[in-house]
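The block underneath contains the structure these notes are about, expressed in structure tokens.
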Amino acid sequence: MDYSEIMVRHGELSTKGKNRMRFINKLKNNIQDVLAPFPAITVRSDRDRTHVYLNGTDYQPVVEALKLVFGVQALSPVYKLEKSVPLLVTAVQDIMTSLYRDGLTFKIATKRSDHAFELDSRELNSLLGGAVFEVLPNIQAQMKHPDVTLKVEIRDEAAYISYEEIKGAGGLPVGTSGKGMLMLSGGIDSPVAGYLALKRGLDIEVVHFASPPYTSPGALAKAQDLTRRLTRFGGNIQFIEVPFTEIQEEIKNKAPEAYLMTLTRRFMMRITDAIREQRKGLVIVNGESLGQVASQTLESMQAINAVTSTPIIRPVVTMDKLEIIEMAQAIDTFDISIQPFEDCCTIFAPDRPKTNPKLGNAEKYEERFDIDGLVQRAVSGIVVTEITPEIVNDEVENLIDALL
């Protein structure tokens, strides 16, 4: 027997009341996006669960993809068959025979929503359990914590059998909590921040600052590859490349060295906020961790935040670097993040950046710039690319390999 579908159980969606179907429909759309590399698959959702019909597709890579999708509490590969007692008996015997080993314990757990079926749940449990003993006389039944719980569901349209329950990612479906702009540099922290924002249902668009020729095509490809890794958790992501060369050169030429980083981050925040407003986002997300570097002291954050009234979410702000690294390794972004390409935050980094910059000083130094013009030119020059879970070709990876 081959699995016919993966049955997905919803997570926190059960608490969403009148908005429940909106959340479920969004989860369905996200699952369809993530499973786009499997063209034979179809997806259907109802109030209780989502059905991923395999239609001949190997179930294992599908399970691996679904395990990462936020909003999924658990999933089970399922056999679908006609509602016939003889067919159920044969299926249960075949499945348990394939799983059997010495000392294995089991139980049958039947659920019947089709009350017109000839046997009730209790009778089915007894009948199917007896059928297992017929072919495996040495197997042991155990009602609490058995090795195998064989779940049988009798529904209006068919019967379903499963024995695996695989833990999902939990959280909320991406897109159910609004849209935010993720400032992604290419380092270790910002992809982790993006992952945690996605987990709470935030639909992120990635904002990446590029300063050619100071930053290379490899740095851009690296940021896009990190974004692609994040698509596994909720579907396609818009990648927004911002031209930042003019601004960085202006800051380098006109500002004191100690304030280079503060002014750079203030311009980045202004531009991200302008893009957010243009694209109807609600928040800005970044990977700042308190005290980790000079620009992430409270004084620096205050001086940088002053350019916007938009809420700024910092998911990793209280995490140690080792905690962030462990999470980056778990979500498979760490090895990409440590590839040796310069980004906008490092190319003109001063030897002794100001750790307690004064807002008044930052504003005074900015009087030397045409702030509105610089921001407007950067925003008008953005390039937007849709990043999908499916790598259509290997151009990005080949480019990175060639540059390393």
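Using the three backbone atoms N, Cα and C, a Cβ is placed for every residue, glycine included.
It should be emphasised that the depicted structure is a prediction, and the values quoted were computed from it without experimental measurement.
Quick look at what Swiss-Prot lists:
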type: BINDING; residues: Met183, Leu184, His208, Phe209, Arg265, Gly287, Gln296; note: ATP binding site
type: DOMAIN; residues: 60-165; note: domain 'THUMP'
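Feature annotations (Swiss-Prot) mapped to structure.
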residue : record           : CB count, 10 Å
Met183  : ATP binding site : 24
Leu184  : ATP binding site : 29
His208  : ATP binding site : 27
Phe209  : ATP binding site : 27
Arg265  : ATP binding site : 25
Gly287  : ATP binding site : 25
Gln296  : ATP binding site : 20
Can you tell me whether DSSP puts Gln296 (ATP binding site) in helix, strand or coil?
helix
Coarse DSSP state, helix versus strand versus coil, of Leu184 (ATP binding site):
coil
Could you give the mean pLDDT over the domain 'THUMP' (60-165), rounded to a whole number?
95
